[in-house]
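Going by TrEMBL, these are the annotated features:
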| type | residues | note |
| --- | --- | --- |
| BINDING | D:ARG47, D:LYS53 | NADP(+) binding site |
| BINDING | D:ARG124, D:SER125, D:SER126, D:ASN239, D:ALA240, D:GLY283, D:LYS298, D:PRO299, D:VAL300, D:ALA301, D:THR302, D:ARG324 | FMN binding site |
Protein chains: 4
Amino acid sequence: MGNSFGQLFKITTFGESHGAAIGVTIDGCPAGIQLDEKFIQSELDRRKPGQSKITTQRKEEDKFEILSGVFEGRSTGMPIAILIRNKDAKSKDYSHIADKFRPSHADYTYEKKYGLRDYRGGGRSSARETAARVAAGAIAKLFLKSIGVDVNAYVSKVGDVSAPHYTQLDISKTESNIVRCPDQKTADRMIELIDSVRKDQDTIGGVVTGIIKGTPVGLGEPVFDKLHAELGKAMLSINAVKGFEYGSGFHGTTMRGSQHNDEYIKEGNQVKTKTNHSGGIQGGISNGEDIYFNVAFKPVATIMKDQQSVDKEGNEVTVSGKGRHDPCVVPRAVPIVEAMAALVIADFYMIGQSGKLR
Amino acid sequence: MGNSFGQLFKITTFGESHGAAIGVTIDGCPAGIQLDEKFIQSELDRRKPGQSKITTQRKEEDKFEILSGVFEGRSTGMPIAILIRNKDAKSKDYSHIADKFRPSHADYTYEKKYGLRDYRGGGRSSARETAARVAAGAIAKLFLKSIGVDVNAYVSKVGDVSAPHYTQLDISKTESNIVRCPDQKTADRMIELIDSVRKDQDTIGGVVTGIIKGTPVGLGEPVFDKLHAELGKAMLSINAVKGFEYGSGFHGTTMRGSQHNDEYIKEGNQVKTKTNHSGGIQGGISNGEDIYFNVAFKPVATIMKDQQSVDKEGNEVTVSGKGRHDPCVVPRAVPIVEAMAALVIADFYMIGQSGKLR
Amino acid sequence: MGNSFGQLFKITTFGESHGAAIGVTIDGCPAGIQLDEKFIQSELDRRKPGQSKITTQRKEEDKFEILSGVFEGRSTGMPIAILIRNKDAKSKDYSHIADKFRPSHADYTYEKKYGLRDYRGGGRSSARETAARVAAGAIAKLFLKSIGVDVNAYVSKVGDVSAPHYTQLDISKTESNIVRCPDQKTADRMIELIDSVRKDQDTIGGVVTGIIKGTPVGLGEPVFDKLHAELGKAMLSINAVKGFEYGSGFHGTTMRGSQHNDEYIKEGNQVKTKTNHSGGIQGGISNGEDIYFNVAFKPVATIMKDQQSVDKEGNEVTVSGKGRHDPCVVPRAVPIVEAMAALVIADFYMIGQSGKLR
Amino acid sequence: MGNSFGQLFKITTFGESHGAAIGVTIDGCPAGIQLDEKFIQSELDRRKPGQSKITTQRKEEDKFEILSGVFEGRSTGMPIAILIRNKDAKSKDYSHIADKFRPSHADYTYEKKYGLRDYRGGGRSSARETAARVAAGAIAKLFLKSIGVDVNAYVSKVGDVSAPHYTQLDISKTESNIVRCPDQKTADRMIELIDSVRKDQDTIGGVVTGIIKGTPVGLGEPVFDKLHAELGKAMLSINAVKGFEYGSGFHGTTMRGSQHNDEYIKEGNQVKTKTNHSGGIQGGISNGEDIYFNVAFKPVATIMKDQQSVDKEGNEVTVSGKGRHDPCVVPRAVPIVEAMAALVIADFYMIGQSGKLR
């Protein structure tokens, strides 16, 4: 249960970190979309391990195969199944934790909930699962491009190092450095911080900011399936995420209504808002302004230090750090945040069309 | 669309601020639950307007009627429909905004999405809708009580005035003051702040903290329907909410893995964690520790000041403040946060039972 | 659970035979539909008890109240809640079966599944619940009318008395007699049969045929949510239904492919089929021809004769006939079949629109 | 859309007849089920083409690979993905119908709905898709076996040749002949009929009867998700199905209530019914008696004769028979009917458990 996301543009993922493969089925992608395989691969490459000195050294090619739903290069409206074989699955690395629960991992909760678990590399709870999301998100992006919607994300914070507000950045530069922060000075400090944390055999958290431009007015389905509620769920479903805010977010709680309200103005024939504390969403529905939001990632739980824990029999034990891991997850999380955002928007766009009957 | 929440313990709400009635149908409440009507009324009373000088002066009795699903005082497993008639619907108050869009309200987005809107009191986008959630949440609470789960919330922040961490508070005192902050000194300062904002004819935001105790290990359905992802969606679906974080939340992004990880220890026969930065959830599944989270509310959009806007024809106009409103929404939001949390837990509990087949 | 139907045009019903009220919430009705209350009432009147000598003598006015989702006579896109109060709830009539299970009713299965039951008039399992479906179906019909789709049903069989094939009938005459068979000669024989069965204090089954005209090509969502699969589920969910077939149906199993296949021809610019054994559906998707189907209803289980049974304690007992009932359910089932068919088509129409993105 | 089935024991299928592969993801299979791969293969072998002279001569090994969700031979509660590569995909055979619509196939409706179609072997609308259902159904059967439920089906009718009622048959003999009818005499006549139809280059329809034994009392979720309504939908979603009836079915419409009602009796401590016209389901909920039902299959649409049709440009054309096909689909449909029935029962069993909270 719980491995599907979306209502009309719906994905179902499968696969464990060190099983045969991971993958995704996308049911509901409109027919006729040109499926640019190079683009899908480039998105997977942005997420894949081993990209730089500040990411895990696990080697995965993340080559994908489309098994269905595409004919002569275009989507047919049938389910699109995508398969990614696991290559570098060093199962031996993990045998030492078969019976021990790593602190702040999902080992303990999976064992208790299901009565058994595939402990190899964290099994299903590994962030390896997010490759399937990125593949599906790439297809959602291709669809959104056809309707003029653009989804971007970047690293806005690592530890205490923050980038300026998105409106002061040139987002097109996100990919110009390994930490994926479009402000090079901030990026340098972030990389330095991550590198020093890595040398300490420790990890650090951070924040990814997402921006969605070009959304038509009218996406979102109140009162429960508000656009930001579904976006929030999408982000919180990503491994290691601890928080979500959009528009003015937590900071907005300290503001007064008279400061916070976004007054309407005319720009030519278009209705716009003077400010955008609403983050492009009012009453749970997009208003055409930029949608922007922050996603908080905790420090990666895998560290190279000894930690206190218990084993399956309930004995107190020591878990020793071992294996490969990211010192900071946020650079690789950028395409995942984009993918989930694209899936949410694609789904609401389709639901919105269903009401266009009059 | 979008007016249902939950999979097995599922609610569907209806109703506008100034229509005939609001209400909710709860489909999936287990049979045999003793439905204590006094308790349900007391929950509605905690949310209802006109409670104190710091809430709106609209008068609603919020008397409810159970129309179905209950026989001889107990739930029958059939859908439970609850009806709350609207009493104090001063439609005249709102005629002046029939054709104007109030800044940072849902007027503009509803008009554009649906092509028409019930503008009376904000129609469906009014927070009046949350009374239906509170009624349903009360039933979820009665069910959760029977399995030992306790859901609480309180006001932890108004503007810049913050209460201490929940572990340092006596939550049983939440109802002892009108702002619903269990720390009386902080409460006094919060009330003072709200009162001064009110006199300025302005509004202010705040934070509600939720705490769930007694949750069994195993609730939550990864990888998309993680416990905190569904909780986040539930909270973000409440009017005026701008952010959600659980456990260490946004602060956790500044921590190192070695500080943040929650080591396992034994307490008698029970596995516990030394710290609880995880907020009671690991890998999207409850681990038996306290679940705690923060919900950010923006300042109420209705203010008594003139604001710039546009009308339906696209002319620039001035919207003048009028009507009744809350200077700060968080005191009345406390039972709503509890209701939504209770609904999420009840639903996951039922889904969890479905897997208990071996 | 199980009290909602539909994905985008979604209804949720509630209420027991002898509780306070029954009702329905329609979530997803497009905005802007003119809601003709007289039409809704006329549909309810077609279903209501006490219409003629061949229906139950229970008296219910079935007056409805729209509680939400409508503003100035038009749907707003918000949930439409409809309330129907129960009037003639003679609870005393049923006290004698509080502890006994009536043969071929739902008494036994409800008691065992839920641990308790509202036995008054059959509680939730009573066909009284279908009034809510008819109200919702009337709204679906109003919507379908706006897109040129017409849904009709009639009684095609009572016991062994059959009407000719629908293509040989003038369906506009369905309401011209109390048994709702458009062929008056057959109607007379049906009425005679029902009347004789009624005098025997017995009951008899029958068949309702549904016809949907004007459906656009393209409705239905293979491979599981095929148009006829959803139609079949809708019909089988009606009380007392034992079977569903569409197009050639069970008779088609005796045919050869060369007889059964519907060859394509041109009529002016339109593609048509020479024959219509497919019943307007190919591969689970409407092809623009008439959709037609049969729904089999068993004889009503309530009879005036003594029957052998058991009670809650497991003692063998005799159940004596008592109360009011229909000698044959099919005349009143006609508007219910139409309502469910309209709901299915409305839902698929909306889903179909969602794919219209290219 | 429409490629998922089930709520808690949920499957999503993908794949085209002549694409790379077909497959299924099962989300919600309880953890700890021993996944007997030999049994899964044996079920696929019962469905696969080329089994006998009365089935299509297409050659497919239907070897499957489990990609996820299984660890050390047991289900882990994670999604189970199953992959079946297509081998014998003679795309050339089908190029002649790329632009023509075969009568009573899904060619026309797919083309009109989606704007393009994978015409190779019928693409997604081919019955090849049902192999994925059989694989998933095999897992459902393994789960049901662990709770004592047994699902069987057999061919009860081919053209006009009928087998006796299931209560007069030894169902264990179903696999003893190539037509899968447990009564050898009837089987011989069926085979003879199919063979003669095949020689005529024609096809013939038939009926498959399903029987479910050992179901606990309480499965099914009224009022819409009644057990027989979901069973009906499941069966009607299978290619070529035109009708569904359970218990007394269409024949029951000719009976009187006094004949049709199933009186309750005691057998030892157990409540049983004297007769079983209800087909094991009352009020949409299983009562513990045998569940039995009939599924009507039309004659296969692919015939070796010339037929009149139109092409994509709307010209009238002749479609000539070509390719491999089954003269009668019912023998191979037996395992498909069983699979879908097993999936329905597994799902309702899990939903039923969710209510077991008191």
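Cβ atoms here come from the backbone N, Cα and C positions, even for glycine.
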Chain C neighbours, filtered from binding-site residues D:LYS53, D:ARG124, D:LYS298, Cβ-Cβ distance under 8 Å: D:ARG124, D:LYS298
Proximity to chain A among binding-site residues D:ARG47, D:LYS53, D:ARG124, D:SER126, D:ALA240, D:THR302, where any Cβ pair is under 8 Å: D:ARG124
Distance from D:THR302 (FMN binding site) back to D:ARG47 (NADP(+) binding site), taken between C-alpha atoms, in Å: 18
Residue among binding-site residues D:ARG124, D:SER126, D:ALA240, D:LYS298, D:THR302 with Cα closest to the Cα of D:LYS53 (NADP(+) binding site): D:THR302
Which of D:ALA240, D:VAL300, the listed binding-site residues, has fewest other Cβ atoms within 10 Å: D:ALA240
Cβ-Cβ distance under 8 Å to D:ARG124 (FMN binding site), same chain, at least six residues away: D:GLY15, D:GLU16, D:SER17, D:TYR110, D:ASP118
Recorded FMN binding residues, D:ARG124, D:SER125, D:SER126, D:ASN239, D:ALA240, D:GLY283, D:LYS298, D:PRO299, D:VAL300, D:ALA301, D:THR302, D:ARG324 - maximal Cα separation rounded to whole Å: 44
Residues satisfying Cβ distance under 8 Å from D:LYS298 (FMN binding site), sequence separation of at least 6: D:SER104, D:GLY205, D:ALA240, D:VAL241, D:LYS242
Proximal but sequence-remote residues of the same chain as D:SER126 (FMN binding site) (Cβ under 8 Å, at least 6 apart): D:GLU16, D:SER17, D:ASN239
Mapped DSSP class for D:ALA240 (FMN binding site), helix or strand or coil: coil
Mapped DSSP class for D:ARG47 (NADP(+) binding site), helix or strand or coil: helix
Number of Cβ atoms other than its own within 10 Å, given for D:THR302 (FMN binding site): 21
Count of other CB atoms lying within 10 Å of the CB belonging to D:ARG47 (NADP(+) binding site): 26
